[in-house]
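Read the structure below first, then the notes.
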């Protein structure tokens, strides 16, 4: 049985064929404000880092044109061809992001255990690195913007770090209030940003048109082969031009594929190209400009207004990354890779606008440590690349699995694309691994730490589920016993027992029978299932089955972009003739007390870690939005 459809089917909003011209323009403007903040602020530091004095690369015409060519072709290959044209085809019912892609890849394997394990590990590590990226992006972006003050006068040098911290703390403090109002300004501000950097670059390109030779990839290849090892090191800075590429895919569900692609080709790509070429042309004319070519493009009268605009742009870029981490955290909870978290909606209209306190303050703590510890965008650049390139490589592999297994692309085509994409991704990753001791250790440490937490949680929950299933009574046997029994007293009201399995009796019910020796007039077994799709429509949300006199089984399905709301679900059951009066309904939940096993499946330290994570998880009452006054918790001791 099914409920009537009352909400839009999953993925429908991404159907670009239904988007009108005005709607397409509005979505493209919004995408410019959210999706392109990160990659749009990369010109602040990319070429500056490529010509870092530590690299020992002189600002000769051949080197300048060669590096400009590498930056241009990195953007074309990684962002335009890989993300905009290839990876964005792999939408999970309209949604993107590495965990959504992981769910697609697992589905594509058809349950092949030899593939599922490595793919899960790869996807989780990519997701963990994305969280590391979420710490570094706000730190390096805002730092690099405010460092523009130093170009005007050295007087501001001591104030760069304090001003950066003030901006970042303010940004994270407002998260709990939502960003709906200020978010309306993101698009227009970023349009002004892109038009401004394009105009600044165009001025220099017109004066030095021979910089356009950088469009020829031969100049980039010549630079690589001529400088060998040093060129390989420089590639670790070139990759900064494509940071934010993952955001295009991660935010696809908010805007749809076509608006993001339209914004890229119509404004973002031309603006970035003009600005990078303009910076390179400036260095050709004045090699001293290599110390901060972005701000040296700006006329003296416009420096401080540009610092303000750049700060606004980097705050917007930071907001996009913060929202991405919140979204990823929600997906991790729903897909079973994280303990339950306190997830709060900050908008009545936009489902994607959420606030997660633990993620928010954890990010801020890491960012403050980065700013105070590294002190400059140049120092942070070493830490930035590893997180970005690691996630990009993981995305490439997962997308290729989907292309071959789900889209039935021929193996030779997938291998060919994989060879090109992975050569670039792994080349960038290798160049950044050279910087592990200079700061690259930070995102690796964050990534490995988050991977450990997610893997431990998933493993621990699997063990716990098996332990509970081992001692569970089959539901059909229990129902037969109830038919034959006349000794169990039935009392007024409805009892809802939440259970993870649909064919076993909840342990909480058995404990209730054992201690209270009664059953309610109506007994409901409620199972909540999270599907590997972003959203489940209302018409497919609930299935109600009558098991026997007074016994019902309700199965509820959600997507990994949706949060459970049990009272709302129970109201939907009225369509099945099953009506709930909250003041007459009791919810029985089992609270597990975990104890170490004599034959552990995990090392003792991981068991302890899992226990700590379990204790700190948000209660089932709060997570499922069950009225606290109607909940009865029954303690259950479970041996891991």
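Cβ atoms are placed via backbone N, Cα and C, with glycine included.
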Which one of these stretches, 2-22, 296-316, shows up in Swiss-Prot as transmembrane segment? 296-316
From the ranges 333-353, 354-374, grab the one Swiss-Prot calls transmembrane segment. 354-374
The transmembrane segment (436-456) in contact with the transmembrane segment (296-316), cutoff 8 A, at least 3 CB pairs, sep 6+: no
With the cut-off at Cβ under 8 Å and a gap of six or more residues from its ends, the chain residues touching the transmembrane segment (67-87) are 39, 46-47, 50-51, 57, 96, 101, 211, 213-220, 223-224, 234-235, 238-239, 241-242, 245-246, 248-249, 260-261, 264-265, 269, 272-273, 276-277, 280, 392, 395-396, 399, 403, 417, 420-421, 424-425, 428
State, in range form, which of 116-136, 154-174, 222-242 has the highest count of Cβ pairs under 8 Å to the transmembrane segment (354-374). 154-174
If you count Cβ pairs under 8 Å, which stretch among 24-44, 222-242, 264-284, 296-316, 411-431 touches the transmembrane segment (154-174) the most? 296-316
Same-chain Cβ contacts of the transmembrane segment (411-431) under 8 Å, 6 or more residues past its ends? 74, 77-78, 82, 86, 232-236, 238-239, 385-386, 388-390, 392-393, 396-397, 400, 403-404
Recorded stretches the transmembrane segment (222-242) and the transmembrane segment (24-44) touching, at least 3 CB pairs under 8 Å: yes
